Amino acid sequence: MTAQLIDGKAIAQTIRSTLKQKVAARIEAGKRAPGLAVILVGLDAASKIYVGSKRRACEEVGFESRSFDLDINTSEADLLALIDKCNQDPSIDGILVQLPLPEHIDDSKVIERIRPDKDVDGFHPYNVGRLAQRIPVLRPCTPLGIMTLIKSTGVDTYGLDATIVGASNIVGRPMTLELLLAGCTTTTCHRFTKNLEQKVRQADLLVVAVGKPGFILGEWIKPGAIVIDVGINRLENGSLVGDVEFDAASQHAGFITPVPGGVGPMTIACLLENTLYAAETYHDVN
């Protein structure tokens, strides 16, 4: 068996093309373009690349992109003040603060300062709580993108045994909630999990997000499983690999995401979807 590739890059481009059409229709109807504020603190190389991708994506679909590049020594108080300013700006529908932040700034305090109706990353406790209560509005971007990738396979998720490896607030925990919503029986694995191999082997659907290259052996994959590899790791030779042994896993899985070109493009596409959703649901003047 050789797995079918789930082409996140192509699916994300389709989403972006649809968004571009919707934005053009908004403007033709006399409405403004959605606005996204992107805040970067410091000069972390990986974050700069990722933020740059988000800004270019905004411009591609016709959004207004507002960029705030702050010095790494920016105080927490100054960052919170900037968020307050963006919260009050009616031309801004979404606020994104690129994580991780410098150690002297409290991530949780920053996330909670963003108004829930402008929290297009979907990290605010209000939005996570809505997802937990099965009434989601703005949903965490990476899990939302993963759900779109899973749907593209045509596989019915109801009743699937799903295993999530990694329990971060950004991916693992909200991913568990999304898969529960999708009718899966879910197992979430973390640093204290025993018998990880056994839990992976039983998974009809596997999502891995730990940031360790080749952490999941290909031979563990259940025949025909859907494998979603969220990890993106740069090796010493400069190549990018995921958290799953791709070549070996491809011999067992039914569907698998590549790295790069799988989950990453979907995260940005869903950020744009959330921003348009916020504009239409919360901020349009009727």
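Cβ atoms are placed via backbone N, Cα and C, with glycine included.
As given in Swiss-Prot:
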type	residues	note
BINDING	Gly166, Ala167, Ser168, Ile232	NADP(+) binding site
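Overlay of Swiss-Prot feature records on the structure.
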residue	record	Cβ within 10 Å
Gly166	NADP(+) binding site	23
Ala167	NADP(+) binding site	18
Ser168	NADP(+) binding site	15
Ile232	NADP(+) binding site	18
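Maximum C-alpha to C-alpha distance over the listed NADP(+)-binding residues Gly166, Ala167, Ser168, Ile232 is 16 Å.
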